[in-house]
Amino acid sequence: MCAQDAFQTQRSQLVELLVSGSLEGFESILDRLLSREVLSWEDYEGLSLVGQPISHLARRLLDTIWNKGTWGCEQLTAAVREAQADSQPPELPSSWDPHSPHPARDLQSHRPAIVRRLYGHVEGVLDLTQQRGFISQYETDEIRRPIFTSSQRARRLLDLATVKANGLAAFLLQCIQELPVPLALPFEDAACKKYVSKLRTVISAQSRFLSTYDGAENLCLEEVYTENVLEIQMEVGMAGPSQQSPTTLGLEELFSTRDHFNKEADTVLVVGEAGSGKSTLLQQLHLLWASGRAFQEFLFVFPFSCRQLQCLVKPLSMRTLLFEHCCWPDLGPQDVFQVLLDHPERILLTFDGFDEFRFRFTDQERHCCPTAPTSVQSLLFNLLQGNLLKNARKVLTSRPSAVSASLRKHVRTELSLKGFSEEGIELYLRKRHREPGVADRLLCLLRATSALHGLCHLPVFSWMVSKCHEELLLQGRGSPKTTTDMYLLILRHFLLHASPLPLATHGLGPSLIQGRLPTLLHLGRLALWGLGTCCYVFSAKQLQAAHVDSEDLSLGFLVLAKRVVPGSTAPLEFLHITFQCFFAAFYLALSADTPPSSLRHLFQDHRPESSPLARVLPKLFLRGSRCREGSVAALLQGAEPHNLQITGAFLAGLLSQEHRSLLAECQASETALLRRWDCVRRCLTRSLREHFRSIPPALPGEAKSMHALPGFLWLIRSLYEMQEERLAREAVCRLNVGHLKLTFCGVGPAECAALAFVLRHLRRPVALQLDHNSVGDIGVEQLLPCLGVCKALYLRDNNISDRGICKLVEHALRCEQLQKLALFNNKLTDGCAHSMARLLACKQNFLALRLGNNHITAAGAEVLAQGLRTNNSLQFLGFWGNQVGDEGAQALAAALGDHQSLRWLSLVGNNIGSVGAQALALMLEKNMALEELCLEENHVQDEGVCFLAKGLARNSSLKVLKLSNNHISSLGAEALLRALEKNDTILEVWLRGNTFSPEEIEKLSHQDTRLLL
């Protein structure tokens, strides 16, 4: 009773201790009490209710323990003391039996140690338990609710194991045995703890506000952050016809993927075009870590900006890099550094903007000493290779064009940041505009102007639309179509806000620009100098040299650089790299110092630095070009190709007829503008013709094919920015190809608009292949103007839904030339079936429809079959990787029985059994045109094969029958052999991956060589 009396007198202090920490700490106390059988399972359930205030739960716990007597009170006191001391739970005993006859009891008695071991692995274990059928999707989603930490998710999984009687507890015992033993935290000394705390504080302060795109206001990142589409990048050439679309990840799954280019590497590469949200993604990662909400497997996070790193000219060591250029330890720096060296697996380093690092990656110079000074590029390259801090995880962001093959050798996983989905655009605008009706009006505007909607898939454009929403909604101006239109709109917005009120009524007229022309030219000269010298952050001295003063800075286009070491002077940078390119283009368009002849460097595809020798000897090539140092030509020659492409597109837009008249009133000589326009026009036309001349001749019997590269796409975008039909017509008048291939080229909606603007002037029909891009529904809409010159359109793996395809089909019905559509690996469902059926019924010259790897079921197949009944032209129908089942197979077979033109039918992986096989067999008896039937990866089995054998015996057209992976035994094979005796037409029957023994395979192979086993 004495212990109980003491317990009662300390009740208020115990309540305070229990509620002073987090819910995580409270639950760890429950773990200890449950494992020691102080609490029964019923007690625990009443104390672990989600959503209850922790103070309420604490008082209920004290009441429960009081009723258990002295021993219970002593155990609770001990558990609270252990939690206060942050002592680690004991590890699982060496006598641990993963095959225990009482698995649920063992999970409970060792619960604290099991929670600790599951920490860091709970997501993988959850996936495994769901795959094995132990828990449902609903239960998985409940456990993965965002409010739960990893430890809390582990506890919820253990709770399920206690109440489920389906073998989950036994399965978890075995899983836990295989998990690695967690490292005991070696970071108990005060210096290390204080450093971790300081790191979190510094990174939280740097990450909390999103000011990269706006110098006028600070946006709270948590309030506006919107997930981008993040996909695992496939290797070019590795995607087979049946491969599924790339996996889409959430940010918190950044390190969870098992798709590795190089399992020995430590670097995760995130690629994305300028404005796709790479920097913001890293900023959100940093904030999640600093606030303790994610990525807690890392105890140390070190963020770096490549554009700032390249400014470091003095040799430095890794220790200097981490401490002096990120965060300095206030206590025991040597002890802290030793901990970092001893435990690199607890470290995450992020490097943002590798495309802005002027040094080209090389793995020739090896540097392994963490305390020896070396150049900043050597330090970075050896960190990425793992020569320094091996096993520390690194995240590197870059534009795709800056990533070389030699760098990719050291990449563990490559992820592609695609920008916003349509849902993401809406979510972002609603977060930015919470006033009633504003977001709705903006979204209506976007949906009514597909060109602007297409631009908004890049977050930088969504920000611009949000920033300029008043101009877009209230002033009645024509909606922007091109990138240049959008940047001129944001320029107008900033100028109006910096101008006296009377000027605000004049719009973006000559007076508004002319009044700030000196400022714009100062910024333009600084931007161009920065591009030419690969400088993207500017010191006060550099600003002074460019004559940029405080009045120029007041416009807001230059903002303080992020990730600056505390206590140092922050340099300035443009809002975004695209703004730097825009101002450089503005300077090139209006400055009297710009010779028109120098503009050719913007549009040359074969620049000297593109050759291997030029990369080795860049200074030699620059001298050989005889450009005066600091001249426009010299700066353009020194700029990175991807920045030249953006600048060239902006210049083309500024010199377009629409915008040239605006700029002419700010320029003393209109003749100078016309000269520059003429130079850009000639350069674009010449560069395109060089592309066309480089096309190899067609192979005998094949159409002439052009595999375009991203550089070609930028030339097309520049033509689109100029918005001149005559120039587009002249540019492609000599393009004589039958097949234009633009796969893996980063084609999004904006690029689709540019392609359609130019390609619609082709004189001959072309097969346009846009596989493995980011076209989406909006991009499909942008392509419609050029559909009339397409004889085939390939849109594999482009995130297209029913809405986009229905619009495409509606337009295709009026396009006589279009004969082939390839739409596999998208998001199509039964909702598009009526449109597809109408296409087949109405276009009697249509030859090929490929719909593989979508989400079409029997209902969709039945609708499509209606169109097939009246079609007399289709030769290829691809349905692999859907879910048509037996009913869908029956509907298709009934429609194809009398079809006179179909030669190839694929129903691979459609869950077709013997019933569907019987229907297809009846179709084979009637159809005398089909030459290849693909039924791999179904459930045909012997019964279905016997039906097919009967149909085969009466068929005289089929040449190839594919039945691999269908659970067929020798019984089914014997039926096929009997049918083959009566059929001389069939050339191949595929039976690989079925249930034959080695002896049966050898025997069957000798009986008929047409059986491929």
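Counting starts with 1 at the first residue shown.
Glycine too: its Cβ is placed from the backbone N, Cα and C atoms.
Features as listed in Swiss-Prot:
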- 82-106: region 'Disordered' (REGION)
- 99-191: domain 'CARD 2' (DOMAIN)
- THR212, TYR225, THR226, GLY275, SER276, GLY277, LYS278, SER279, THR280, HIS576: ADP binding site (BINDING)
- 214-247: region 'Required for CARD9 binding' (REGION)
- 266-591: domain 'NACHT' (DOMAIN)
- GLY272, GLU273, ALA274, GLY275, SER276, GLY277, LYS278, SER279: ATP binding site (BINDING)
- CYS368: S-palmitoyl cysteine (LIPID)
- 764-785: repeat 'LRR 1' (REPEAT)
- 789-809: repeat 'LRR 2' (REPEAT)
- 817-838: repeat 'LRR 3' (REPEAT)
- 845-866: repeat 'LRR 4' (REPEAT)
- 873-893: repeat 'LRR 5' (REPEAT)
- 901-922: repeat 'LRR 6' (REPEAT)
- 929-949: repeat 'LRR 7' (REPEAT)
- 957-978: repeat 'LRR 8' (REPEAT)
- 985-1008: repeat 'LRR 9' (REPEAT)
Lowest local Cβ density (other Cβ within 10 Å) among binding-site residues: GLY275, GLY277: GLY275
Residues flanking the ATP site, with Cβ no more than 8 Å from the Cβ centroid of GLY272, GLU273, ALA274, GLY275, SER276, GLY277, LYS278, SER279 and excluding those residues themselves: ARG399, LEU417, GLY419, LEU458, PRO459, VAL460
Integer Å distance between the CA atoms belonging to THR226 (ADP binding site) and SER279 (ATP binding site): 13
Chain-internal residues, separated by at least six, CB under 8 A from GLU273 (ATP binding site): ARG399, PRO400, GLY419, LEU458, GLY746, GLY748
For the repeat 'LRR 4' (845-866), sequence-distant contacts whose Cβ falls under 8 Å of one of its Cβ atoms, 6 or more beyond its ends: 241-245, 792, 816, 818-830, 832-834, 836-837, 839, 873-889, 891-892, 894-895, 906, 908
Recorded positions listed as ALA274, CYS368, least Cβ neighbours within 10 Å: CYS368
Candidate binding-site residues THR226, LYS278, THR280, pick with smallest Cα gap to GLY272 (ATP binding site): LYS278
Cα-to-Cα gap, SER276 (ADP binding site) vs CYS368 (S-palmitoyl cysteine), nearest whole Å: 35
Which same-chain residues, if any, lie at least 6 apart from THR226 (ADP binding site) yet have Cβ under 8 Å of it: PHE420, GLY424, LEU427, TYR428, LYS431, PRO459
Leading stretch by Cβ pairs under 8 Å, where the reference is the repeat 'LRR 6' (901-922) and the options are 764-785, 817-838, 873-893, 957-978, 985-1008: 873-893
Overall pLDDT of the repeat 'LRR 5' (873-893), taken as the mean: 97
